[in-house]
Structures are given as structure tokens and as C-alpha cells.
């Protein structure tokens, strides 16, 4: 492995990076799927937990905290309810991982060619991370929207299958329906991924010397810290994205049937602030951070491990030849 922050930038062939990124996304998604469903349910809940009066007209469930929400879902929908939306999510995570790591590697290598105008290492990591995140988010956004809508379904199913959901959205909402909330997603993910990769590259070298870290390795620990700090800063846009993704003709058919009608990122933010206060923008933050830690640790550890295995396999194959 290369020293310092260069390890993600120039190690491995393009094929190895693509495969390692895809594997990392696949494994990470399956592990954190239950937390993702819980987070989405909490983000779409608009009534106040501290105000019983706001519960009077609620026809759906009232979720209170991560563990109780998980128990409610299992009791009402079965254990499989915690993996709702997992098929589009798995597809999204694999494609996202491939595009993200490939774009990050390509961008950093391109920036390295700017000898005269070379950016500082932290700035290079920020630019490459933001570029990779923006491209990956825009490219996989329809799958992200489908993941959210399936996770928001209760026992009354809005969509019966992945293909039927694609047909229904295309027929009833047009192709623009697949990109509801995309501006919030890109507005969130570009600074998020920039902050994530810059923090990750900065923390990994000093953490690499410690063997007994809580998450097992310097790669994993750096990934956890980078993800948690970046996600906290950008969380309001993530919540707005989820609220916008369930807009349209099926808005009142999901598990929470009282989701308001929102239009645009800024109008959504103003309406949430006016009706729910600043805390309304952070619903689901706790479970999101719980999810961020294992997701980032698993993603970065799986990526690094897969990349090393692929490199070792190539070396072994070349020796046989």
C-alpha cells in the first residue's frame, strides 16, 4: 500500500477499482438496510412526539426512537419489512460504489497532472470527492427514489414490484418523476463527499499506526469519523430529499398518510421550519449517524480488502504465466 493519503488515488487498475467499489457498495448496503428503513420512516414523520395534540389526526403509526421503530416494523410488517426497498438499494449502492471510486481515482489523477497549478492535498481530496459524489448521485438517483418509496410503504403496498413501480412512475409522473428532489441530493452530496474524502484522507495516515482502534483498522476508523462529521453538517438536505421523493399522486398512500405537499428545496425548508421548527430538519439524525458509522466502516474496509485481494490475484496469475 502507498503511504499517506495517496492510497485511494493511484492504487489498482481501473478494473480493480471498479470491482472493489461495486463489492463495497453491495456488502455495505445489505448490512445497514434495516437502519436505512428506520431512518426513512422517521424522516417522513411530521407530527411532534412531544405534542399529543398533533397525533389526533394521524392514521399511520407513531414512531418513537430507533429501537421502538424497528420493533414496530417487525411486529406489523414482519422481519422482511426492515429490508423494504433493498433491491433498488442494492443496485444503487453497487452502481454508486463503482462510479464513486472510479470518478475519485480519475479526478485525483487528472488533478495530479496540473504540475504548475497543483492544489494542496486536502483541496485535491475535496474536489475529487465532490466530483465523485455528484456524478454518482445524479447517475443513480432514480434507484434512490425507488428505494425511498418502497421503504415508505406500509402493509398497503403502493408498488407491487420494481418493474411495476418504474412503469407506474413513468406513466403517471413522467420521467421527471424519477428525479424528484435530485437538486437537494446533489446539493447535499457534493459538499458531503468532499468533506468525507478530505477528512478520510487526512485521518487515515495518523490512525494507521494504531492497532487497537474501536472499528478494527485505521481505514475503518477514519471512514467512521469522516462520515459522521460530514453527515451531521448536511443532514437537513437529506431529510428534504426524502420528503420530495414521495411527492406526486401517491403521496398520501405511504405509511405516513399526512405528508404535506412540498415544492422545491427552499420552499420545503421554509415550510418545515415554520411548522416543525429547526428540530424538524433533523428527524432521524440519530439513526442516520448510527447507520453512517457501520456503513462507512464496512464500505471502506471492504473496498480496501477487495482491492488488495484483486491485486494479489493478479500477481498470482502473472506468476503462473
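Backbone N, Cα and C define each Cβ position, glycine as well.
Bear in mind that the values here come from a model prediction, so they are computed numbers and not experimental data.
Feature annotations, courtesy of Swiss-Prot:
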type     : residues : note
TRANSMEM : 12-28    : transmembrane segment
REPEAT   : 12-110   : repeat 'Solcar 1'
TRANSMEM : 91-107   : transmembrane segment
REPEAT   : 120-206  : repeat 'Solcar 2'
TRANSMEM : 126-146  : transmembrane segment
TRANSMEM : 184-200  : transmembrane segment
REPEAT   : 214-309  : repeat 'Solcar 3'
TRANSMEM : 221-237  : transmembrane segment
TRANSMEM : 284-301  : transmembrane segment
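According to DSSP, the repeat 'Solcar 3' (214-309) comprises 73 helix, 0 strand, 23 coil.
Sequence-distant contacts of the transmembrane segment (12-28) (same chain, six or more residues past either end, CB-CB distance under 8 Å): 90, 93-102, 105, 295, 298-300, 302-304, 306-307, 310-311, 314. With a cut-off of 8 Å between Cβ atoms, the residues of this chain six or more beyond the transmembrane segment (184-200) that come close are 8, 100, 104, 122-123, 125-130, 132-134, 136-138, 141, 144, 222-223, 225-227, 229-231, 233-234, 237-238, 240-241, 244, 265, 268, 296, 300. Sequence-distant contacts of the transmembrane segment (91-107), counting only residues of its own chain at least 6 positions beyond either end whose CB sits under 8 Å from a CB of the stretch, comprise 8-10, 12, 14, 17-18, 20-26, 28-29, 127-129, 131-133, 135-137, 139-140, 143-144, 147, 193, 197, 299, 303. Averaged across the repeat 'Solcar 3' (214-309), pLDDT in this predicted model comes to 87.
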